[in-house]
Structures are given as C-alpha cells and as structure tokens.
Amino acid sequence: MAEDIKAKLDQYRTAPFDARFPNQNQTRNCWSNYLDYHRCQKALNAKGVDTTPCEWYRRVYKSLCPIGWIEKWDGQRDDGSFPGKI
C-alpha cells in the first residue's frame, strides 16, 4: 500500500476531482483535506507508524487552499483556538 501511495505522490500534479465536491467552489474541499491531513498525522503518530500516507492530503490542501488561510489555521492550531476537530 505504501508503494502505491508513493507512486501516486510521484505523479501528483494538482488536486484530482473529488466526487464529494462537484461544484466549482472548492472551499469545503480545501477545509476537509486540511483537517484530514492533521487527523492522519495525529492518528499515525499516536500509533508510531510512518506518516507518508498523510502527504496526499497535504499536497491536495496546499494546491487548493490560499496560503493566507493555511497560515491562519496553523496559527490558530498553535494558539489552541482552531475551530475544527482534529
């Protein structure tokens, strides 16, 4: 499985189509992938497992989300005032 993920990461160009978010507005897609990345990191770190599979979510949210949003959310997570459940 890890090899399959690494192969997909090597071929990654931009966020692929996600049927959960069929409209042009990709704000929810950005938000969901940001949360999924940090949840994945938290879960795999707790198990002591390699976090390479989480890189997919990071690349997707980095290509969809404005940099200002990411910086704001990272700051909120550091301050403990982030509104999402991670």
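Note that Cβ sites are derived from N, Cα and C of the backbone, with glycine treated the same way.
Bear in mind that TrEMBL entries carry predicted annotations, made automatically and left uncurated.
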Disulphide partner cysteine [TrEMBL] for CYS40, chosen from CYS54, CYS65: CYS54
Integer Cα-Cα distance in angstrom, CYS65 (disulfide bond) to CYS54 (disulfide bond): 17
